[in-house]
Amino acid sequence: MEDYLQDCRAALQESRPLHVVLGNEACDLDSMVSALALAFYLTKTSEAEDIFIPVLNIKRSELPLRGDNVFFLQEVKIAESALIFRDEIDLLALHQAGQLTLILVDHHMLPKSDAALEEAVAEVLDHRPIEQKYCPPCHVSVELVGSCATLVAERILQGAPETLDRQTAALLHGTIILDCVNMDAKIGKATLKDNEYVEKLEALFPDLPKRKDIFDSLQKAKFDVSGLTTEQMLRKDQKTIYRQGTKVAVSAVYMDLEAFLQRSGLLSDLSAFCQDHSYDALVAMAIFFNTHNEPVRQLAIFCPHEALRMTICGVLEQSTSPALKLTPIPSISAHLQAYLQGNTQVSRKKLLPVLQEALSAYLDSMRTPAGQLEAALGMSREQADKELDKASNSLIAGLSQDDEDPPLPPTPMNSLVDECPLDQGLPKLSAEAVFEKCSQISLSQSTRACPSNK
């Protein structure tokens, strides 16, 4: 693959049309490997001898934040210098010059900042439900499996298995195992197809690492935050939610929260992080494993604005859908509230609707006479929880369990920043809304009938 990647870089210097395989903005291991393996395969099988260029959808400077990516590249002997990052290729200029064909892998929807590139998208390969209300006007292959690398492996082995070398097989094999939590049936992340293609890769290359060995190594590398600054730790796996001008960062922190709170200069680091990125609040979701290898989840809410902080904390403490079962942890600052999260099944994805409710409650309080906020929350809390539960269920109806985070630390998922159904708040439970949701579910299910290019 090294020679191929050198050819890709050389192609960037030529004035010629380019085929780009673009991973998602999280650039997790699945996204990186899927882009590399699919582009390599398409280049090898191109009848016109076109070159397909894999592009990692982050800046080169951000790669060190993804420890499992860095570790695996070293493990399979691919030099970081050979890779092409988003800040090293001007996709917009290529598109405006009519020289860009884009293939999306491990995502199916471009962020608003890339809206101008939509016309260049020729194919989509993803493993999560279609969020748009229409089938993109291109070849679309979407299947709900644990890892997009599974779909890439399927594409290769069904199309031209003779092109698969051990290096690419090792990349796909390790990625599927990490994404599917070592194929553990109790976790429920791996589908039959994930298991099928892991077994096929192992049959073709019997010297691939043992599953437990590669899973343990990748997971250790993924959650290794030693040497990272506070800002790097917060940016390593971060989502952002907005609500009428209020902006909240939601970051996964892969260590014991109590140890995190003892970091030197932490409060000034948190303040600088929020100020530099214009966040009104920061929610840190800590997760680590105890001595019994059981997941432990903790929460910290940092917010200098007392009203916003109290509203977020109040909604989280009172939430029953889901019930977080929070126990306060002694705080190091009046601007920070920390908790032990008793319900470890509540992942970030499941917490986001609750945080959206908190932002709505805060914004409502800005329009509510002083002293009435608590009464408003308390008076309708039970009803509000029921309505939130119904609304959340209506939002995820039609999605498979595969799209939910596992009860272990998840790999970074596609960004929820842009075009998320929750960005505009929870829907009103009217007859029209129910009808609209049913229509969306039907469209989502019908995407299986869209043409795919295998």
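Any Cβ shown, glycine's included, is placed from N, Cα and C.
Just one residue in S61, S217, S400, S446 has phosphoserine written against it in Swiss-Prot, and it is S400. Going by what Swiss-Prot states, the Mn(2+) 2 site holds D106, D179, and the candidate of D30, D256, D269, D276 recorded there is D30. A 10 Å cutoff on Cβ-Cβ distances gives D30 (Mn(2+) 2 binding site) a total of 28 other Cβ atoms nearby, all chains included. Around the Cβ of D28 (Mn(2+) 1 binding site), a 10 Å sphere holds 26 further Cβ atoms from the protein chains shown.
Counted over every protein chain shown, other Cβ atoms within 10 Å are most numerous around D106 among the binding-site residues D106, D179. In this structure, D106 (Mn(2+) 1 binding site) belongs to neither helix nor strand by DSSP; it is coil. Between D106 (Mn(2+) 1 binding site) and M1 (N-acetylmethionine), the C-alpha separation comes to 21 Å. Residues within less than 8 Å, Cβ to Cβ, of M1 (N-acetylmethionine) and separated from it by at least 6 positions along the same chain comprise L36, F40, I78, D165, Q167, T168. In the three-state DSSP scheme, M1 (N-acetylmethionine) falls into the coil class.
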